[in-house]
Amino acid sequence: MHFLQNSLIAAAMGAALVAAAPAADLDARSSCTFTSASAAKSGASKCSTVTLKSIQVPAGETLDLTGLKSGATVIFEGETTFGYKEWKGPLISMSGDKITVKQASGAKINCDGARWWDTKGSNGGKTKPKFFSAHKLNNSKIQGLKIYNTPVQGFSIQSDHLTISDVTIDNSAGTSKGHNTDAFDIGSSTYITIDGATVYNQDDCIAINSGEHITFTNGYCSGGHGLSIGSVGGRSDNTVKSVTISNSKVVDSQNGVRIKTVYKATGSVTDVTFQDIELSGITKYGLIVEQDYENGSPTGTPTNGVEVEDITFKKITGSVDSSATRVNILCGSGSCKDWTWSGVDITGGKKSSKCKNVPSGASC
């Protein structure tokens with residue numbers, strides 16, 4: 001009898017342990033903290049909450065968070081740093097569906113780009129790693145990250161339904177030697193929203209090379225090349241459509257707002273609105289549309305292979321430096337049309353003598 005009772009008790013305890021094991025395993029996977037890049041790479045895809053605690057990413061390696069579990073939350077905690085090596089990067093790569101990316105209070109991502117900066121950016125000198133690959137990061141959110149001193153380009157975005165809010169990219173230390181430190185480069189993407197970005201850099205605050213339904217709003221851009229569409233043309237995807245860039249400030253930058261298309265290329269830029277943009281301390285062009293871009297430089301001869309149609313410039317105000325040009329429109333024959341132009345009031349600087357094929361209603 002005692003033997004039977006003991007056997008029953010043992011069996012019951014064993015059954016309880018077997019039942020508890022999967023639950024414990026699930027608990028372990030629901031929230032994970034990683035302190036190394038290798039551990040995060042091998043384990044993050046199993047976790048619903050991924051905490052990255054003061055990770056020191058080894059030189060030449062990517063903090064690889066691709067293939068995250070659907071609905072996962074990623075939290076940067078402490079200071080994330082990266083070892084030095086000349087390579088193309090990216091320093092961080094992330095993909096998944098319905099992902100939320102944020103940081104704990106006081107956290108920062110410190111790229112220490114000064115180790116690579118040599119005034120040449122991605123045009124020579126040291127090979128520099130790009131910062132963050134957000135490719136196939138769909139139906140997701142990136143919130144409140146504080147990023148310092150990217151070696152070259154910041155976010156490379158090829159995703160659908162991605163919202164980036166209240167992100168700071170501070171490359172102000174790169175004023176003398178930083179170059180090509182674009183904050184947000186967008187290509188082949190749909191329904192991208194960037195809201196409340198604060199950017200100090202040495203290239204485009206945003207550059208939209210292709211994509212549809214893209215919004216940039218409530219931004220502050222300092223030190224770079226302004227708010228840009230393009231360059232468009234010469235890629236596999238050369239369509240920009242349904243873009244709104246609004247309620248933003250561009251200060252101490254080369255350009256204010258810009259559309260640039262590639263010389264002799266084909267493509268289209270349609271349904272684009274620049275609205276409520278305030279400029280100050282602009283050193284080259286307050287507003288520029290140029291269809292003569294070749295190998296990174298203007299030729300002075302625009303071509304008409306890229307349509308720039310249904311464009312709105314509304315309430316673009318502020319000032320440019322005395323040596324700068326207020327507005328420059330250099331369009332190919334017949335390629336710029338159906339523009340809406342109202343409340344464009346840029347002061348200082350000089351009037352352009354190079355405008356060509358200015359569409360009806362616009363003023364150069």
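Cβ atoms here come from the backbone N, Cα and C positions, even for glycine.
For 1-20, the entry in Swiss-Prot reads signal peptide, with the evidence type sequence analysis. For ASN138, the entry in Swiss-Prot reads N-linked glycosylation site. The repeat 'PbH1 1' annotation in Swiss-Prot covers 159-188. Taken from Swiss-Prot, the feature repeat 'PbH1 2' applies to 189-210. The annotation repeat 'PbH1 3' is assigned in Swiss-Prot to 211-231. Positions annotated as active site by Swiss-Prot: HIS225. According to Swiss-Prot, the feature repeat 'PbH1 4' maps to 240-261. Under the heading repeat 'PbH1 5', Swiss-Prot lists 269-291. Annotated repeat 'PbH1 6' per Swiss-Prot: 303-348, in sequence order.
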Fill in the blank from the handout: Out of the recorded positions ASN138, HIS225, the residue with the smallest number of other Cβ atoms within 10 Å is ASN138
Exercise for the section: Look up the residue listed as 'N-linked glycosylation site' in the DSSP assignment and report helix, strand or coil. Expected result: strand
Problem - Beyond the flanks of the repeat 'PbH1 3' (211-231) by at least 6 residues, Cβ under 8 Å - result: 171-172, 175, 181-184, 186-205, 237, 239-262, 269, 272, 274, 277, 282, 293
Exercise for the section: Using a Cβ cut-off of under 8 Å, list the residues of the same chain at least 6 residues beyond the repeat 'PbH1 1' (159-188) that approach it. Expected result: 113-114, 117-123, 134-153, 194-211, 214, 216, 221-224, 235, 237
Fill in the blank from the handout: CA pair HIS225 (active site) / ASN138 (N-linked glycosylation site), Å rounded to integer, equals 28
